[in-house]
Amino acid sequence: MAAAETQSLREQPEMEDANSEKSINEENGEVSEDQSQNKHSRHKKKKHKHRSKHKKHKHSSEEDKDKKHKHKHKHKKHKRKEIIDASDKEGMSPAKRTKLDDLALLEDLEKQRALIKAELDNELMEGKVQSGMGLILQGYESGSEEEGEIHEKARNGNRSSTRSSSTKGKLELVDNKITTKKRSKSRSKERTRHRSDKKKSKGGIEIVKEKTTRSKSKERKKSKSPSKRSKSQDQARKSKSPTLRRRSQEKIGKARSPTDDKVKIEDKSKSKDRKKSPIINESRSRDRGKKSRSPVDLRGKSKDRRSRSKERKSKRSETDKEKKPIKSPSKDASSGKENRSPSRRPGRSPKRRSLSPKPRDKSRRSRSPLLNDRRSKQSKSPSRTLSPGRRAKSRSLERKRREPERRRLSSPRTRPRDDILSRRERSKDASPINRWSPTRRRSRSPIRRRSRSPLRRSRSPRRRSRSPRRRDRGRRSRSRLRRRSRSRGGRRRRSRSKVKEDKFKGSLSEGMKVEQESSSDDNLEDFDVEEEDEEALIEQRRIQRQAIVQKYKYLAEDSNMSVPSEPSSPQSSTRTRSPSPDDILERVAADVKEYERENVDTFEASVKAKHNLMTVEQNNGSSQKKLLAPDMFTESDDMFAAYFDSARLRAAGIGKDFKENPNLRDNWTDAEGYYRVNIGEVLDKRYNVYGYTGQGVFSNVVRARDNARANQEVAVKIIRNNELMQKTGLKELEFLKKLNDADPDDKFHCLRLFRHFYHKQHLCLVFEPLSMNLREVLKKYGKDVGLHIKAVRSYSQQLFLALKLLKRCNILHADIKPDNILVNESKTILKLCDFGSASHVADNDITPYLVSRFYRAPEIIIGKSYDYGIDMWSVGCTLYELYTGKILFPGKTNNHMLKLAMDLKGKMPNKMIRKGVFKDQHFDQNLNFMYIEVDKVTEREKVTVMSTINPTKDLLADLIGCQRLPEDQRKKVHQLKDLLDQILMLDPAKRISINQALQHAFIQEKI
């Protein structure tokens, strides 16, 4: 026993030096990464070589020489020492310790100081000369070997060689550290001073260089032997607080061999050693991180974890009584700079570790490729299959050493990713830990819960540094649960205000001293902020929901009040989130009736008011211009002339009395199949003809009075007498009946059919009487000026209602234009008429001449399949014409129509062009538009290929023209322009739908 004591005393200075040198190397982070793990034994030898080599630079005291001699016998003696070690540590007399301390302290510190300075000045980047700190760490690592034996075997299986060297190293370290408690204390103080100096000078370099240095240090650690690394890491974590350690050791002591007693002594000195070498922590935690970071490993270790968690639980309850914050083992896997705080004492709860959040994140990222490699090796290792006894032993040791680490990690600044992973993994295993904090988990919002997923493991650095509190929320939930109930009140308020002041208040990045504040307070502060965040979020969302509900309630009431004439469902409103189509239609119909009531006699006045808005010069200029352009609707060729006694009709002989020309009695039909109308004749024994309205493609129309119904005025449409026209007339009859049946209340502004009959082999349809069509209205009231915006808005509402009914009945009108829209006497109500071109939506034969040319949609021209969109296009052209009095697209040919449409909306989409049957008439192989125009000089057709067509027509300028509009009207014109833009989309798929049009602001908002 005495021999063992003296040997350990002699070995002590060298071991201290080895430790110090290794820690400096690791702190500088210069280790090469590409040396493989299986070379560990060679490096062990090298390490001893280094130790002896560097003794030149150190004190060569008598003890050292003696020690060198004794060193040879270490291997033989280590087994005996394991047994007597426990009594050794008790037997050490304080006098010997003091004596030893006094002997070596001064010399030691002097030389180490010089070495550290030299290292700082010269070898910071190279790391070739191993300093005193490095040597200390080296001895420290070799001393930790025995405990890590199992991990060593897991890595390479070379257990026997490892054990001999590891035990030898361990004996050195144990005795060594018993005798040098005081010296290591003073030395650690000295080193702490140095390191803070060094940190100041080194700050910039570390941040810039940290990726390189860390990877280097990793490599050297790796090459020094993975076994040592893991073992030293394992042990170094044990010793944060002596009390804690002692208690947990008592708990676990049963499962340990006598050699484990050494841990107690080592722990004391190692807690001081940790102060000396913060980067040891880095390497340790990194190694630990390897275990918990990889999902594969998590699965592999879940069994271990389950059994561990039981022991953990008992230990936790113990430490809870001491009010020490303890986290689950997985929480200790902090990485990189998180563990850098040099001046930490075991008793304190350090609040911060990182130089700054960003470098920490960088280090995480830079390490990852290597970690994956190591992880995969580890997961395959046999350590998972160790005997239960051995596994329990290593587990208990591991757990014991993790407790201080847990405390160290409880700072708000550190939240390792492994923490998240292992927590998730533990919840899968349903370990007792989950039962410690049910409320904590339940209170988590879905968003936060989601952040645990593997994908979120690698959160962005920005996020990690932005919310340090959130990062380690779950970490301290266990011990916190009881404490919270006790100290909730004032402390929570205090900590909340603290957090709000400055979220980075406690970080070492400001170079501040660590405040001595209880870690339980820390934990509370963190938890309460999170809780408050969640509650605030929930409250905020609840308020938003209420506001939305209130808003729509109010809007619904508002819309119900504003439409008193029409019953509407309680929740109905066109402004609610999703008003039903019926509600929209009700509102629009009510608007129309209101307009009708208010404007019975004001139509002409409103048109005059619009005329007055035009400037005199513009009026003159435009009228002169118009004289030059031929009007296609002049009376001479207007088939909708208002009066039957026009010169043309008289010349044709229509309107002469029968008595004057009795030969006409048998000649009812002219050469083209039209019925020869005679004023005064009676049709079907009841309709007394008194006027002639006009002649269309399919028919001519007369005005009559119904003798059977108290001379009620009607319009009688007499279809041309030929097979095709009869067929067309019957089709129109069918559609009209269908539409009328679908609209019994006459809300949808399609012409009402009263009845039909045959007269002289002509099919006759009897309609409600309407005075004029919109073409005539425009000529009479709004030539080149158009109608008032109020009238246009009302007409547009009614037209959209008519389209709605058509769509409900699956009918395409296919000839909407001002000529086919009739108005009543007061010009307030319009009706869509002339369904001679109408068809069922499924029977849409592709023909390029469907619909009157000026109102023909582009899909018809290129021969693409079409649907209700063609009627919407026609309505858009009609509305423009109603407001401006000008035709929107006065194309001379289909090709010209396409050119004019593209001048407004830009080039037609290629996708649409390709679907056109007649695309080759208007587009080349590259889908460039071929504009066919007649040369003004030669009067021959010339083709201009236009690869791009930029929209040049300004719709708004055309709509406003030279009017000086008041603000309310200007707003409506802007809305009309927006509506027309959506109606006149070249691609019918993008064109506005009828429901959308009915909800448009132009339709909904009153003037």
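Sequential numbering from 1, following the chain as shown.
Using the three backbone atoms N, Cα and C, a Cβ is placed for every residue, glycine included.
As recorded in Swiss-Prot:
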BINDING   T693, G694, Q695, G696, V697, F698, S699, N700, V701, K717  ATP binding site
COMPBIAS  1-10  compositional bias 'Polar residues'
COMPBIAS  518-533  compositional bias 'Acidic residues'
CROSSLNK  K99  SUMO2 cross-link
CROSSLNK  K111  SUMO2 cross-link
CROSSLNK  K117  SUMO1 cross-link
CROSSLNK  K117  SUMO2 cross-link
CROSSLNK  K170  SUMO2 cross-link
CROSSLNK  K177  SUMO2 cross-link
CROSSLNK  K593  SUMO2 cross-link
CROSSLNK  K659  SUMO2 cross-link
MOD_RES   K99  N6-acetyllysine
MOD_RES   S142  phosphoserine
MOD_RES   S241  phosphoserine
MOD_RES   S257  phosphoserine
MOD_RES   S277  phosphoserine
MOD_RES   S283  phosphoserine
MOD_RES   S292  phosphoserine
MOD_RES   S328  phosphoserine
MOD_RES   S366  phosphoserine
MOD_RES   S387  phosphoserine
MOD_RES   S437  phosphoserine
MOD_RES   S565  phosphoserine
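Cβ neighbours within 10 Å of V701 (ATP binding site), excluding its own Cβ and spanning all shown chains: 20. Binding-site extent for ATP: residues T693, G694, Q695, G696, V697, F698, S699, N700, V701, K717, maximum pairwise Cα distance 14 Å (rounded to the nearest whole number). Long-range C-beta contacts of S699 (ATP binding site), restricted to its own chain and to partners at least six residues apart, with a cutoff below 8 Å, comprise Y674, K717, I718, I719, R720, M725, G729, G836. Classification of V697 (ATP binding site) by DSSP places it in coil, neither helical nor stranded. Neighbour density for K593 (SUMO2 cross-link): within 10 A of its CB lie 16 other CB atoms from the protein chains shown. Per Cα geometry, V701 is the residue among the recorded positions K117, Q695, V701 nearest to K593 (SUMO2 cross-link).
The shortest Cα-Cα distance between K111 (SUMO2 cross-link) and any of the binding-site residues T693, Q695, V697, V701 is the one to V697. Cα of the residue listed as 'SUMO1 cross-link' to Cα of Q695 (ATP binding site): a distance of 112 Å. Around Q695 (ATP binding site), a 10 Å sphere centred on its CB holds 22 further CB atoms from the protein chains shown.
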